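These come from TrEMBL:
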type     : residues : note
DOMAIN   : 120-332  : domain 'AMP-dependent synthetase/ligase'
TRANSMEM : 572-595  : transmembrane segment
TRANSMEM : 607-631  : transmembrane segment
TRANSMEM : 651-671  : transmembrane segment
TRANSMEM : 683-704  : transmembrane segment
TRANSMEM : 710-727  : transmembrane segment
TRANSMEM : 734-751  : transmembrane segment
TRANSMEM : 757-774  : transmembrane segment
TRANSMEM : 781-802  : transmembrane segment
TRANSMEM : 808-830  : transmembrane segment
C-alpha cells in the first residue's frame, strides 16, 4: 500500500470540455493542431505513462515551445503525474531531484521502475523559483493553483477563443507557461515560436499568424521596439507585460502608441510563488495610472504588513505586500523529501514594498531587500537607481552596512560624476559610495538585473580578490562571455549549458587554468559560480611565482600533434600518428559537449555547428585547389572522397572521418533504445559500440590493400574510444578503456614507432587529466591548438613555395594561423545575435549555427 493515498491525486486537465473541437489549439511550422486532435494526442501519450495506481512519478519536462514537448507536458498533467519543468538542459536540478521518467524531444518518455519519491496528492507541478533556473529550490504548485490562475488570467485579459497568443517567452519561465495555460483554458490558439524575438523572422511570423496577444517582459518590449515590430502589427489586440517594472514614462509611451495603433497595454504583476499573475491593470487605465500594477485577480486579495517598515512623512502607508488567494503555492521544495509535503502557506509574503490606495489599486515602491542602512541612514536602493536612470545612467545599486555600491553599465561613465549623483540621491557623503563599471549589468534568466551578481563584483574587489583585469567574477565572466556569444553570464549555469563546446574549449580551458589553477575534470559542467569561487580561492592562496601552468591533456595533445603532423610532413623528424591520436581527442570532446546535451534536438544543433565550422574552411581550400589548380578530384570538394575514391590517398581524410563519425554518432543516439542505454550508462554503451567497431578495424585491414587507415569505418574505433575515455567515471573504467584502445592500436600501423606514439597518446588522454607546461609556451601552444584545422588544411599548399624544411614548417604554421584569423573574421560577419535565454533559437539554417566571437576551431574537435 502506498504511503500516500494516490486516489486523492487528480489529473490536471487544462483543455476544457467547452473548447471548440475544430479550432486550432497549437500552431507551429508543421501546421495547426485542433483541440480535438490535441486531446486525442495528449490522451494517447498519457496512456503510455505508468498508471497512477502504481504510484505517481516525477517526470522531467525540458519544456520549450516545440509541439512534441508541449504535448508531452500536457500528457504528464493529464495522467496525474508531476512534471518537473526546466529549461532544455538543467543538470543541477535533475541531479538534486532525480526524475522517475524523462520526456524526450520527440514527445515520448524514458525511464521505468518503481517511483522513487513520495509525491503529495495535491502536488501538480514543480517550477524553479523566479530568476533561479539553476537553483535546486523549487516551487510546489497544486492542481487548484494551476487551473484557478489560468482561468483568472484569461478573465482579466478578456481572452476569447478567437485570440492567438505567441510564445515570445520561454515556457519553462512561469510567465511564459501561464500564457499557454490561459490560452488553453480559454479555448484559444497558441502559436509556438521556439526562437528569439530578435530573429528577423519573428515580426513576419506575428503578422502571418495574425497574433492578437503578445506577452513581453520590459526587456522583450525594448527588443521589439528596436526592431520596429510594435509599429506594424495590425492584428494585435493586447501587449501583456510582466516580469519586471516598466517606468511610468515607458508605460505612458506604450499606452499612447497602443491607443494610436489599436491595441492595449496590460500591465501585470506576479511571482512564480503565486503560480503566475497576482494583479492586472486594465489596458484602458494604463495611461491614467502608469505607476500602478493594477488590482488583484479574481478570487484573490492583497494586504500590507507595515510592521518594521519606516513610514513616509505623508501619503499612503507603505508595507510589505501580502497576497492571498487560490494561486498561492503549496510551499517550497529544497530537498526531494519536501515533495511529500502538503500546503505550508496560506498567504504569500511577496518581499515587495507597496502602497494600496482607497480603491484597492496597488503600486510597487521597492523591495524589502532594496533597503539598507548606511551610517544610520535608511537608503531606498530603488530610488537611487531611478535617480541615476533619470540622468541617463543605467545602474544596479547594492549596499552593505558601510558602503553604497553602484554598478554602472558603461565603461565610459564619468565615475566621479556618478559617485556624486548616487551620494546626493542617497543623502550620503561621496566617501561611502563605491562605483564599478561593467560592459552590461548581469541579468537573471528572466531578464531582471542580478543584484547578487552586482554585489559579488564589489565584494570580491573589497576583499582583495582582484587582479589587473578585475575581481574573480569579472575575470571569469569576461573570459567566458565572448566565447559563448553572450553579454550576460548566468552564474548558475555551466560553460556547456551556456553554449560552450569543443570549438571554444581551448581558450576557455587555458584562460580558466590561468585564473583557477588545475581545473576539475568536470569544470565544463560546473556552474560558473563554482569557477568564480575556485578563482577567488586560487588568488588567496599564498604561492611563489609559478614557472609552469597546468594544461588539459586534450588541449596539450592538440597543440603538440599539429606540430608533429606538420614537422613530419616536411621531413624535420618522423613522428607519425598525431592525426589518429587527435581523432580520439575529437571523440573525447564530442562526448563532453555534444553527447552531454540532454535532448536529441540539442545534439543535432551542436553537431550541425561542427559540420559548418569544420566544413566551411575545408570546402574553401578544396575549391581553390580544384578550380584554381585542378589539383584534387571533385569528391574531395564534396567531402565524399572516402565513398567515391577509397582506393586513392585522401588529402582531407581527417575532416571527412570527423564529420561522418560525428553525424553517425548523433543519429544513433536519436534511436530511443540507444539513447536510453547511453543515458543510463554512457561508458558501458560506448564500450559496447567500441567492441563492434573493432570488427571492421581488423577485417578491413586484413582483406583490403591500400590507404584504408583513413576511412571512416576503419578509424571509427578511435573516435568511440575517445568518447569512452570522456565518460569513464572511475579510475578502473579509464584504465580498462586505455588498455582496450592500446591493444586495438597494436598492428593497426605498419611501423612500430607510429604504433607506440598512438598508444602513448591514447594512454595520456585516458589517464592523465593535465600536465604542467612552461608558462611562456602556454599561449603559443593554445594558438596552435585552436588553429590546427587551418594548419592541416593549408600545409601542403604552403610547402611548395619554400625549399628548406625549417622554412616550410614555420610558413605552414604562420599561414595556418593567419587563415584561422581570417576564417574567424568571416564567421563573425555572418553571425546573428546570440540567444539570451534558454530556448533554442530558430534562424536561417546556416547563420543560426554560427556563434558570435567563435574562436578558431580545431578539425580534431
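Any Cβ shown, glycine's included, is placed from N, Cα and C.
Of the ranges 607-631, 651-671, 734-751, 757-774, the one with the most Cβ pairs under 8 Å to the transmembrane segment (710-727) is 651-671. Mean pLDDT for the domain 'AMP-dependent synthetase/ligase' (120-332) in the predicted structure: 91. Sequence-distant contacts of the transmembrane segment (572-595) (same chain, at least 6 residues past either end, Cβ-Cβ under 8 Å): 496, 500-502, 505, 524, 554, 557-558, 560-562, 564-565, 603, 606-607, 610, 654, 657-658, 661-662, 665-666, 669, 678, 682, 686, 709, 715, 718-723, 725-727, 741, 749, 751, 753-755, 757-758, 761-762, 765, 788, 792, 805-806, 809, 858-861. Of the candidate ranges 607-631, 734-751, 781-802, 808-830, 734-751 contributes the most Cβ pairs within a distance under 8 Å of the transmembrane segment (757-774).
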